[in-house]
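Copied over from TrEMBL, here are the features:
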- B:H124: Mn(2+) 2 binding site (BINDING)
- B:D146, B:H148, B:D150, B:D238, B:D240: Mn(2+) 1 binding site (BINDING)
Number of protein chains: 6
Amino acid sequence: MTTQFEPLDSGAVPRYAGIPTFMRLPQAEPAEVDIALLGIPYDGGATNRVGTRHGPREIRNQSSLMRRVHHVSGLSPYDRARIADCGDVPVDPMDLMRTLDLISAHYAGVKAAGALPLTAGGDHLVTLPILRGLAADGPVGLIQFDAHSDTYDSFFGGSRYNHGTPFRRAIEEGLIDPKRFVQIGLRGAISDASNYDFAKACGIRMIFIEEFTERGVAEIMAEARALVGDLPTYVTFDIDGIDPSQAPGTGTPEIGGFSTREAQLLVRKLEGLNLIGADVVEVAPPLDPSGLTALTGATIMFELLCVLAGVVASKGGK
Amino acid sequence: MTTQFEPLDSGAVPRYAGIPTFMRLPQAEPAEVDIALLGIPYDGGATNRVGTRHGPREIRNQSSLMRRVHHVSGLSPYDRARIADCGDVPVDPMDLMRTLDLISAHYAGVKAAGALPLTAGGDHLVTLPILRGLAADGPVGLIQFDAHSDTYDSFFGGSRYNHGTPFRRAIEEGLIDPKRFVQIGLRGAISDASNYDFAKACGIRMIFIEEFTERGVAEIMAEARALVGDLPTYVTFDIDGIDPSQAPGTGTPEIGGFSTREAQLLVRKLEGLNLIGADVVEVAPPLDPSGLTALTGATIMFELLCVLAGVVASKGGK
Amino acid sequence: MTTQFEPLDSGAVPRYAGIPTFMRLPQAEPAEVDIALLGIPYDGGATNRVGTRHGPREIRNQSSLMRRVHHVSGLSPYDRARIADCGDVPVDPMDLMRTLDLISAHYAGVKAAGALPLTAGGDHLVTLPILRGLAADGPVGLIQFDAHSDTYDSFFGGSRYNHGTPFRRAIEEGLIDPKRFVQIGLRGAISDASNYDFAKACGIRMIFIEEFTERGVAEIMAEARALVGDLPTYVTFDIDGIDPSQAPGTGTPEIGGFSTREAQLLVRKLEGLNLIGADVVEVAPPLDPSGLTALTGATIMFELLCVLAGVVASKGGK
Amino acid sequence: MTTQFEPLDSGAVPRYAGIPTFMRLPQAEPAEVDIALLGIPYDGGATNRVGTRHGPREIRNQSSLMRRVHHVSGLSPYDRARIADCGDVPVDPMDLMRTLDLISAHYAGVKAAGALPLTAGGDHLVTLPILRGLAADGPVGLIQFDAHSDTYDSFFGGSRYNHGTPFRRAIEEGLIDPKRFVQIGLRGAISDASNYDFAKACGIRMIFIEEFTERGVAEIMAEARALVGDLPTYVTFDIDGIDPSQAPGTGTPEIGGFSTREAQLLVRKLEGLNLIGADVVEVAPPLDPSGLTALTGATIMFELLCVLAGVVASKGGK
Amino acid sequence: MTTQFEPLDSGAVPRYAGIPTFMRLPQAEPAEVDIALLGIPYDGGATNRVGTRHGPREIRNQSSLMRRVHHVSGLSPYDRARIADCGDVPVDPMDLMRTLDLISAHYAGVKAAGALPLTAGGDHLVTLPILRGLAADGPVGLIQFDAHSDTYDSFFGGSRYNHGTPFRRAIEEGLIDPKRFVQIGLRGAISDASNYDFAKACGIRMIFIEEFTERGVAEIMAEARALVGDLPTYVTFDIDGIDPSQAPGTGTPEIGGFSTREAQLLVRKLEGLNLIGADVVEVAPPLDPSGLTALTGATIMFELLCVLAGVVASKGGK
Amino acid sequence: MTTQFEPLDSGAVPRYAGIPTFMRLPQAEPAEVDIALLGIPYDGGATNRVGTRHGPREIRNQSSLMRRVHHVSGLSPYDRARIADCGDVPVDPMDLMRTLDLISAHYAGVKAAGALPLTAGGDHLVTLPILRGLAADGPVGLIQFDAHSDTYDSFFGGSRYNHGTPFRRAIEEGLIDPKRFVQIGLRGAISDASNYDFAKACGIRMIFIEEFTERGVAEIMAEARALVGDLPTYVTFDIDGIDPSQAPGTGTPEIGGFSTREAQLLVRKLEGLNLIGADVVEVAPPLDPSGLTALTGATIMFELLCVLAGVVASKGGK
């Protein structure tokens, strides 16, 4: 498949030159492409340290270092699908509930346009309205790479919509099938022993880092793949799933996480699933003096892009 | 006057030792003191870059470098008034309107307790609920050191309460007497030529940095003092009034601001006014790699403290 | 004059959202506008510390903080001229002489398209090929704000084209009229007592920081304006003219420079001159941990833009 | 067991709010608690790069991110023991020998009060006076996680008390039983081939990182547990045992260290030992631009706290 | 063997004192020593982000933390060979081709003087002229630790000499025997599927990080050793072979690399090979805020030094 | 006068190349030169934040940016005097009293060798043993640029030798004539109203920043020159005299200090005095992320060097 949606050629234009779009791709509308790269510059869902509103811009900046062809598969996503930077989703930094509506409407539009969305957050709350936009007609499966379960009920005596609660809300709203929901990389102390009760009661498969360390990537992902099966599934990658030495710039770091080498292997094992979209969230540039977190985020995004391009290729494109 | 509210003696306990309270003071309740040092860890009013929620903690940290006796006056505020760290004001990071109510109630309590509040923000929106707490019985005068007028009407098609609007709201609510309101240090481009219309129509005295540069500290402050007169007056110091070389860690920096040497002289010229409280806002530690902004903020806070201690002394203490 | 070339409205789209173009303007071709904002991501002319190749991108990033209407004039450049981000100029990081040709050809094209170029460098060598593109038909006047004269002959036993030599080359090539050439802000030790001989012999008016400090902005700029007169004149602003406290991120910092307040006043005094273009060079983001240098560069660029918009307005636009 | 010594509830007070005590706990005296969290802001024992005097304060700051319930055990230390921030130990930055006496007297007091001390250093010399305070009535066992043996004899021709010598002194003084002393994670070149002679002669069990890498956590810790047995044992964790990618802010970094995932598993294997106290030392905030080292230190401190709470629980509390 | 070429004694002169030479060694000429430590402060070969021109100075600075005796072998290189800091190689930052000639001439001189060179770069292009200087009389073997193959043909339509091409040039010039050339640690996407064609066609043994992860250090290095055999072999260590969490300061970082623990084991497995020199390249201090990359580089250099000292010892010294 | 003591030619060897000595000068012994550049890597006198032990090395590093000929005088110090880097003075980081003796003996040697010492500290305590070495035969005059008087009596209940006390000790020891002692730039709150009593009683002329701001450089320095007269005088420049925006990396920063432009003018007004040496102290690189403080320190050192070269020239050299 030939396509006009190619990254700038780094053999002609240096990587640091030009206005930074995701992967140095052209800008386009979702209707023009198979995969829409999107940013959600919003961190109003953060209960602690903020800064992920700057995530999309800095991930774009670091994504200039990405190249075309995956070194393991030998395939270029740009040969398999039409892909572009579809810009940032509208948000209202002063109004959380309005922002949720703006985001869900936008993703409903992306879905209607026939594009698979690959998103750079933003805090993890943004996955809730993404799912509202994508899963309006029935619950989907979810594979979540994360240090935290994000299935709290509320904070501060009333906040039900924040980055600690999106997946409880999504289950309550029928957006996720909890039997097809797996969380990988959980760790870190919790505020109360009951914090995991909801997740356990729902049947979410929670895989803690200790279990991951013992069983390894292959076994864990085989289980995850079996669990979500062939039905539509969304993937969400919280950058704090990765160890803070490789992703320090995030609001709620937990030591003892995935190495990036593990993270890359994990994502590659998503190949062939029936994915409807993916995101990378919680990259907070003001907490990232060396830029490494955004680089890690951009590379995970490229790995996810390769997987999504496989989905497009398997369906014959638009 | 002797008092038990003394900073830790740096000749006995090194400045880097111990749990950092404001000025290394004891912790106490407002009712126990003449001047209450307070933090408001809230930046939900920011329309652009965030991080001032970390301001109170880092200003406390840097305030360990402050000493007791002002080198110009030869006076120690701790000899003239009972002063303590009264902790952080309750906030709800997920609910702006509730936070405004929490803050205003808290400051009404401080006022009722008979203490003068000196606050470390937080974004500039926090001055609105402070004024609600302090000026419930009639408008007060205001001296504002700032790069921005903060008298916008709204943002994002509906946000009427953010750090660009507090003083328009305060005038509308009858908290500030616009004829006794002076803004010093304004500069920077504006979004629309009409941005200053409200301020001008109200009669706010707007002093731009260019006028300040020409006329000098003495002349400007003589005018400001005459304008607010002997009636109750509040002082708000936005750290972005100071040049970003000396206060880089702030969300909306504007080059060409006050030097700190000028800023100190400006604050000292408040001596003798009928002040009811003061604040230092918009210090954003995540944007402040060297810590200089918090140090500058802590020092301005100390200068304001000396002035407020003079107010207490002139009234004979509690 | 109404125009479709407006910055994104920050009251609708937050300043940190979206793909960062200069001043959050649309992208366009020079032929569509009166003033073309351009980046030259090249630092192959640096003899010492490098990094200005990243200048255009980071100045674009920080320029998101710029607003529309100048607070002193009350005018918006976007009301007076069509202005857009015209992208980065092609460069070859591995071939200096080819890069000079690429740049000069590009600026000849901008000139032919009828647009005034306002450029973000890049090291100071880039001003040479800009002048080749703009002054092919006869020497122009030059106002240079800079710590260094940049009129060396050569380095390393043969390098005649580097950021220490552009203005000697430009005079030799007949691009600058040395009698209409003024340098403001010079300071710092020199390598050899003969370093200024060429400049003196040519008749360049060299104004050192000590003279500037004594005589002040108004007097200095009156002389500079008289010197360049009504004939075509180019303006080059090396960020190291400004004090390194306000512009630390540059390859050859010299303490004791302009304050930004002075720098802004200096640029405003260019109003009404017959300017054919301007640049801001030597911003080196890798040496700028707080981003202040790029912010300063973006603001100086906005001040220059206001002046250039006046030129357009005085000529009735395109 | 119910206790009033609970961390602030992060569901009510945001983690960045308030004055930072260890784990956001109340302040109290050792006599009131089972486990006393203490800081020693002293780095006068450092022979090379300094800055650990700031360790306690920054570990307190980052410990705001800690939560209540360990995710593996499902237990909260605060349910099992009374725990508080008991402040910083008095030190004299200008007098090393006096500081040693101040520290040892303080820990003798903590012991007399019946509390187990958990300390944040400071450089590694502080463990010597801690042991003097705790082991006055006979040698104890020691488990040391560290890149360095710290059993040198002297530096600079006479300095016998510095962070390279504490464990030789402690053995000489009869504070440690060298047969019940194990060092884990040793690595890095040494100054002289004889550097390990004393440790070998004493019978200290030295486990280098290469042996650790081959044998793994379970086997190593089984041996360490057998070695110290049921008798009283102290644990000292030098943050430089961890790899500098995860703990860069330390004075003597050595590449190739423990991952934090390994470190957490190592500490958890201390469960059930007869521990009399523990420390985390050598966190140097000025060398830690991202704050990751202090976060790592705070988390290791939490892991140690959970183990110490088990000791308290097993003994029925105070 | 006794030698006057000893590092400063850190038990007498603190590590932060004095003028920083490599390993705190004396300065000398190559003819006086067995192993010459050299810097090449040149990054004119970089196609993307620059800064490695500062590598030699900052590696020297961090090498002050290195000690004398390897903790695994128990041997000191300074007991086995005469080693000194032989300064920086002459370069011309404005003339790439001249710089290649300057470097190759210098290394021919080092070889003629009978010293083994151990070099701190600079970008990876510098290995080409090093090989020209060392392999003039016939191709050598090469062991390359690197994320990238560096066997591109050209960039920017004509640049044949840059840090993406050195090993293609070296093969074309007969400096390397491609059958005795192994690359270890390759990873990261590539610009075009054909990028590895040349390397494959030549017979370079390319070991990707995935294969390395599966097979482990021992097996990989056994194969590498067998491949290069007893014939003269050069070793080049690109710091980006190591994971960017441990070496963030480099121009082309790729996540998922070697841990330093693996890297140290890899280098130690070079023991006994017939090495003619080695280098550590691509350390870029301006991109390394914590200094960790230079520390990692200095430590890898020390590991290589120990191996080279073994070569000298096996040959009986000069 | 011709001399072999010339800085490396930056037109031949790039400024970032080579082993960093002060001003890129040769290394030599004091007896070989007229002016000895020395480092004292010691901060054991600091009562608060440390790190100046790294000052000499980082000032050397940044001094690579210095050039040869002063731009105001047109003179090169290297034409007027033999100048070299004479290395670091021996210190014992673990023994303050021994270090004082090591330093004073060293400076007595420098004096005996007939060289004028120009020193980079270290904390301000180092000036005391320097004066012991230089003023053994009678008190000298002192011009001190500083935010602090440093005439405290003691700290921590017994420390009489620290960076807050050197000038009280020097007066007590008869090293300084208090009638010929002027302090310029004092500011910042003090710990007790009595802090300045000793200085006042002795007759030290204390010039606070407020007086300096009003009277200006020329008038202040005229008074200072008259006060010290023609007799031997030492100059000490504490970098914290300069504003922390231009010198953030120091242990006790005070806002509102000298600008560097003022500082340069101040130092130049020392021309013609009978100077016996000078120092620049309190540069703390770990607190200086951008390196600006060391650059400022290196430039002030160059200004002092020019003045000292004038002293040498006026006496006809050695």
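The backbone N, Cα and C atoms fix where each Cβ goes, glycine too.
These figures come from a predicted structure and were not determined experimentally.
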B:D146, B:H148, B:D150, B:D238, B:D240 excluded, remaining Cβ within 8 Å of their centroid (Mn(2+) 1)
B:H124, B:Q144, B:A147, B:S149, B:G185, B:G241, B:T252, B:E282
Can you tell me the CA-to-CA distance separating B:H148 (Mn(2+) 1 binding site) and the residue listed as 'Mn(2+) 2 binding site', as a whole number of Å?
10
Close in space, distant in sequence - B:H124 (Mn(2+) 2 binding site), Cβ under 8 Å, 6 or more apart:
B:G45, B:D146, B:D150, B:H163, B:P166, B:T236, B:D238, B:V281, B:E282
Cβ density check for B:D240 (Mn(2+) 1 binding site), other Cβ within 10 Å (all protein chains) comes to 29
Neighbouring C-beta atoms (10 Å sphere around the C-beta of B:D146 (Mn(2+) 1 binding site))
24
When DSSP is mapped onto helix/strand/coil, what comes out for B:D150 (Mn(2+) 1 binding site)?
coil
